[in-house]
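Chemist: Provided herewith is a single structure, encoded as structure tokens, for subsequent inquiry.
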Amino acid sequence: MIDRILKFLYGSLFFLTPLIFATSTSELFEFNKMIFIYLITILIGFFWLLKMILAKKMIFKKTPLDIPIILFLFSQVMATIFSIDRHVSFFGYYGRFNGGLLSIISYIILYYGFVSNSFDILSLLKISLWSSVLVMIYGLPGKLGHDLTCFLVSRGRSFDNSCWSRETNVFDPANRSFSTLGQPNWLGAYLAINFFIGIYFLFRPLVIPSESDVTSDESRDLFKISLPVGRQVDFARNDKINLIYIVYLFVNFSFILFSRSRSALAAVGIGLVLFVAYYLLFIKLNAKKLIITLLLITVVPILLFKTGIERVDKYLSISNIKYQISKIHIKNKKDLKNNITIEQYNNASSVTESLDIRKIVWKGAIDLGLRYPFFGTGVETFAYSYNFVRPKQHNLTSEWDFIYNKAHNEFLNYLATTGFVGLLTYLGFIIFFIVYVINNLKTQISNVKTKSQMSKPKKDLKILDLDLSSRILVLSLLTAWLTILITNFFGFSTTTINLFFYLIPALVFYSSSEEESDESRSSRQARTINNKLSLYQYLSIFIISVSTIYLLFSIFAYWLADTQYALGLNYLKPQIADYQNAASYFERALKIRKEPVYEDRFSSSLSYLSAVASYQKQNKMAKQLMSLSDYYNKKSLNSSSKNIFYWKTRAKNQYLFYQVSLDSNKLLEGIKALQVGVKLAPTDPKIPYSLAVYYSLLSDAEKKQIQKDSW
């Protein structure tokens, strides 16, 4: 029974995590996925511990990655201890959530929970494919200009893409699909993983034929490397199944193109090269059909939907081809020069190329790593610490005032926030797993050769086929995992991607070590059920039950507080600007859960309300609101003293306090806050401007005071 529950919980992770989002929270996608992962992790931990208590023994399986995981976890703990903001390092940056120490611990629990219990790997992989199908179905209307999320947010009032900001092309579903993942690159990374899972199921029938596929004559000389001589196993036996997976992969790759994610496209391209190279070198079965099928799956969608990369697409467009040919026949140099000028003008854009911005951010991340070489600035603190070393060139880009809460390179992000210790242990985890899988594949090839020499014709053929199937499974999982490394190099991990990052190694280790038979599991479980519970077991069950209920309620409170926070943010929108209701919801959020982000917003709202009260001649109320606002501002700064955004809030609050009290000391307090801001963000162009405004106001105040004294 417990094993069934655990299977259901892990199945839910693979199926529901990519699909989950909610319109009632401050962040629609990542926050809700993270909350769901926390809930499932708590339940898995509970039933896993319950299973141990009932079995009266430790159920914990060691894996080859134990030491790399311990070292990596150690680096994250140390980076959290020495963090510039321990609260953020533990829970994660508010707005991204994934990546904090708590989430890393959750992923590690899920990893060991998987390898230590009994699962059907193929069923879980199929569940993942079905989930990706639903993700694509959900994203299709948005591509056609009718986004389902907008329909839900507007409660059925509009069925278009108007709810998304188009300041950049990131949130334009018609241009770049993102479905339920939240951003186009996240969708692309997720589909790239499932692309290679689909590849496995497409080519699996090639290596597990029915007995009628092999004649006794064919089985006399069983293998060249690992395959029967002259054996012809094609798609005919499983035409319907193969057609389903071909269609799936075609649509999957098409949606990667719809996302316009260059990193995902590169990941699939590199992954296919590696997969095909191994297949042609060591498997060789139906190689022509492999190549033709993969070309059909990839080339046709590219011709139909293009890549979104101008330098590539110009060779795929008939009109551009004609244009290139026509340029050859242009003899008048002046006309050619004019054409080039027009072309350059048309290609001009006020939006800075994303790769150029990434290079600037990467430089900042490297500088941070060199400044804090051991444990970095703290897990998930990049949003604040990047300002310490933010290159001046960033001010010349179209995203000069954007908040970069990640380095847009997972490896450099670890360098900046966890130092060289964190980066090296992270790389050690990656390298160790890759080396293990390569050695595993080599071992399987060697074992197959040995078995082929010792086996009797036809008798052990099924075993040999299963060995080959296992190799293709491991190869597909490794390739899927490598796509994560590629997309993470140009971006950063998200909840769904991190789930695969930790569980794909678990899948590989589990598939490589299925030693216990189903019969032995059943007999062991039967013995466990028949045993009477002791007092110690009852007490243990009570303790873990109470702990689980407490943790579940804590996670629910986390989610509920955010819904109140989201309502408060909604009232702060410029078109609404209802600070009274905003402050009310921020206060509710704080009553449910203490969070510096809530305190900061609450403080800001109260400062505006104090100005409104002063304007309405409610001076006593204005002073009370000023005092309360200052209290929560100081409280948030006590929790996060290196948070530049909280210091900016303080400066803004002091300006409003000056408007209320006309006390020049408030301006001096604001100037002090901005001076701290200069130290924390020396290249922020807004701070010097704000200082100039404050000094101007202070000068005017002093002049008025002099004039007043002279009278």
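Even glycines carry a Cβ here, placed using N, Cα and C.
Any TrEMBL annotation is an automated prediction that lacks curation.
Given the structure is predicted, the values throughout are model-derived calculations rather than measurements.
Pulled the feature table from TrEMBL, pasting it below:
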DOMAIN    249-427  domain 'O-antigen ligase-related'
TRANSMEM  7-29  transmembrane segment
TRANSMEM  35-53  transmembrane segment
TRANSMEM  65-84  transmembrane segment
TRANSMEM  96-114  transmembrane segment
TRANSMEM  121-140  transmembrane segment
TRANSMEM  186-203  transmembrane segment
TRANSMEM  241-258  transmembrane segment
TRANSMEM  264-283  transmembrane segment
TRANSMEM  290-309  transmembrane segment
TRANSMEM  414-438  transmembrane segment
TRANSMEM  472-490  transmembrane segment
TRANSMEM  533-560  transmembrane segment
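Please situate the listed features within the shown structure.
Modeler: Within its own chain, the transmembrane segment (96-114) is flanked in space by residues 6, 10, 13, 27, 30-31, 33-34, 37-38, 40-41, 44-45, 48, 60-61, 63, 69, 73, 76-77, 80, 88-90, 379-380, 405-406, 492-495, 498-499, 501-503, 505-507, 510, which lie at least six positions past its ends and keep a Cβ under 8 Å from the stretch.
Remote same-chain residues near the transmembrane segment (121-140) are listed as 7, 10-11, 14-19, 148, 173, 177-181, 187, 190-191, 194, 197-198, 200-201, 248, 251-252, 255, 258, 473, 507, 510-511 (criterion: CB distance under 8 Å, separation of at least six residues from the stretch ends).
Beyond the ends of the transmembrane segment (186-203), by six or more residues, the same chain brings 18, 125-126, 128-129, 132, 135-136, 139, 177-179, 242, 245-246, 248-249, 252-253, 255-256, 259, 261, 263-265, 267-268, 271, 275, 279, 290, 293, 472-473, 476-477, 479-481, 483-484, 487-488, 491, 494, 496-497, 500, 504 to within a C-beta distance below 8 angstroms of the stretch.
If one looks beyond the transmembrane segment (472-490) by at least 6 residues along the same chain, the residues whose Cβ comes under 8 Å of a Cβ in the stretch are 121, 185, 188-189, 192-197, 199-200, 203-204, 207, 261-264, 266-268, 270-271, 274-275, 278-279, 283, 358, 408-411, 430, 433-434, 437, 440-441, 444, 497, 500-501, 504-505, 507-508, 511-512.
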Chemist: Quick check: do the transmembrane segment (290-309) and the transmembrane segment (264-283) share at least 3 Cβ pairs under 8 Å, counting only pairs 6+ apart in sequence?
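Modeler: Yes; at least 3 Cβ pairs under 8 Å.
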Chemist: Which residues, given as numbers and ranges, are at least 6 beyond the ends of the transmembrane segment (533-560) yet have a Cβ under 8 Å from it?
Modeler: 25, 31-32, 35, 38-39, 42-43, 45-46, 49-50, 53-54, 56, 592-593
Chemist: What same-chain residues lie close to the transmembrane segment (414-438): Cβ under 8 Å, and 6 or more beyond its ends?
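Modeler: Hits for the transmembrane segment (414-438): 64-65, 68-69, 71-72, 74-76, 78-79, 364-366, 368-369, 372-382, 385-386, 407, 474, 478, 481-482, 485, 505, 508.
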Chemist: Grab the same-chain neighbours of the transmembrane segment (65-84) for me: Cβ-Cβ under 8 Å, and only residues 6 or more beyond its ends, written as numbers and ranges.
Modeler: 90, 101, 104-105, 108, 111, 374-379, 381, 384-385, 417-419, 421-422, 425-426, 428-429, 432-433, 436, 505, 509, 641-642
